[in-house]
Amino acid sequence: MTKLSGTDSKSTLYCSFCGKSQHEVRKLIAGPTVFICDECVELCNDIIREETKAGLTGRKEGDVPAPSEICATLNDYVIGQDRAKRVLSVAVHNHYKRLKHSGKADGVELAKSNILLVGPTGSGKTLLAQTLARTFDVPFTMADATTLTEAGYVGEDVENIILKLLQASDYNVDKAQHGIVYIDEIDKITRKAENPSITRDVSGEGVQQALLKLMEGTTASVPPQGGRKHPQQEFLQVDTTNILFICGGAFAGLDKIIADRLQKRSIGFGAHVADPDKRKVGELLEKSEPEDLLKFGLIPEFVGRLPVIATLHDLDVDALVTILQEPKNAIVKQYSKLFELEDVELTFTDEALQAIAERAILRKTGARGLRSIVEGILLDTMFDLPDLDDISEVVIDADVVEGKKEPIRVVSNDDDGKKEEAA
């Protein structure tokens, strides 16, 4: 096809779509008997982008995806945790269905159901929240509860969470008011003792008190540029009633509180008392009740704002091996892509993947530790790779993972044969 820009030609050409002449646009692209200008091309791109954002499922804009559809999307990115995914899918479906029908005056007001994710580190809590936001194409922000303090103290105000959500929505207040907020490390703001203290706890119980109104629904006054408030400053008013709050934490030690409660209930002649040490942490967390969270250090009002509790299990070796290679953004796929950009094939043997997963189990870092292990294995190879022209493949086996030898570098001969060359 030919590009024609505006010239002083006798025959003036026009865009077949908008009718503008070649002198009114920057570029006019010629096709068989038709022309299209650069403005129409840009408009077509915008239309395609908007349709892509609306989703590839054929849903009309404003339709709420079914729980099974939400769960299927979560399955593409998160391995295992089937029960947690079902709980999340139903809760989020009901939340956005509530928003869609909130204007109907039938006398029934649907309450908001914020979500608490309980599970060990590296089990997928953060990834679940991120995937949910991607599914609904809504503003999403993450906050670390350990950095939050009460207003007026050194640290980050809880209202800064809403500021981050505004920034994620390009300061579109209406869009931000339907976003998702994920607060990580929520177990780190528990009060220091089960009984109320006479001393001020500005980073524990004080933060829980400050978060209460945000989570229940209030109009937050947010300074557009962040920072501390002062009287002369203009504020953005954000209604948090329809913002979905998801809180996550490892809650280390909660399993022991649950085990103690279950053991007390089993006292008596003929009672079957299971050894708490033989129970898996995930099995105990599934039996968590509000009274356990209160004993852990959350205040009753805060627990009441989190009616939906989803528990996640420790990931076993098989799950970690699957995480390494199957999700859409799997770690092995990411590093294979990096090597592919250097025209080199990266291969992990099954034994190597098993060894990487076992090392992550020993480190007790869950799926989060897989990337650092793979990065350490491939670091020297990635350093040398741009300077090596004859390498066609790099093979990682179990001995490489265990540090017994260097990654196997495969070089190509002129006759397209291959031979192995140790690094």
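Even glycines carry a Cβ here, placed using N, Cα and C.
What you are looking at is a predicted structure, and each value in this text was computed from that prediction instead of being measured.
Per Swiss-Prot, the features are as follows:
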BINDING   C15, C18, C37, C40  Zn(2+) binding site
BINDING   P120, T121, G122, S123, G124, K125, T126, L127  ATP binding site
DOMAIN    3-56  domain 'ClpX-type ZB'
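The structure, with features from Swiss-Prot marked on it.
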| residue | record | Cβ neighbours (10 Å) |
| --- | --- | --- |
| C15 | Zn(2+) binding site | 21 |
| C18 | Zn(2+) binding site | 13 |
| C37 | Zn(2+) binding site | 24 |
| P120 | ATP binding site | 20 |
| T121 | ATP binding site | 16 |
| S123 | ATP binding site | 27 |
| G124 | ATP binding site | 27 |
| K125 | ATP binding site | 26 |
| T126 | ATP binding site | 16 |
| L127 | ATP binding site | 20 |
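In the predicted model, the domain 'ClpX-type ZB' (3-56) shows an average pLDDT of 77. Other residues of the same chain near the ATP site, with their Cβ within 8 Å of the Cβ centroid of P120, T121, G122, S123, G124, K125, T126, L127, are G119, G248, L312, G366, A367, R368.
Across the structure, C15 (Zn(2+) binding site) and G122 (ATP binding site) are spaced 55 Å apart at their Cα atoms. In the three-state DSSP reading, C37 (Zn(2+) binding site) counts as strand. On a Cα basis, C40 (Zn(2+) binding site) lies 43 Å away from G124 (ATP binding site). Considering only the binding-site residues G122, S123, T126, L127, the residue whose Cα is spatially closest to the Cα of C40 (Zn(2+) binding site) is L127. The Zn(2+) site, placed at the center of the C-beta atoms of C15, C18, C37, C40, has further neighbours from the same chain whose C-beta lies within 8 angstroms: S16, F17, G19, K20, V25, L28, F35, I36, D38, E39, V41. With the fewest other Cβ atoms inside 10 Å of its Cβ, the least crowded of the binding-site residues C40, G122 in this structure is C40.
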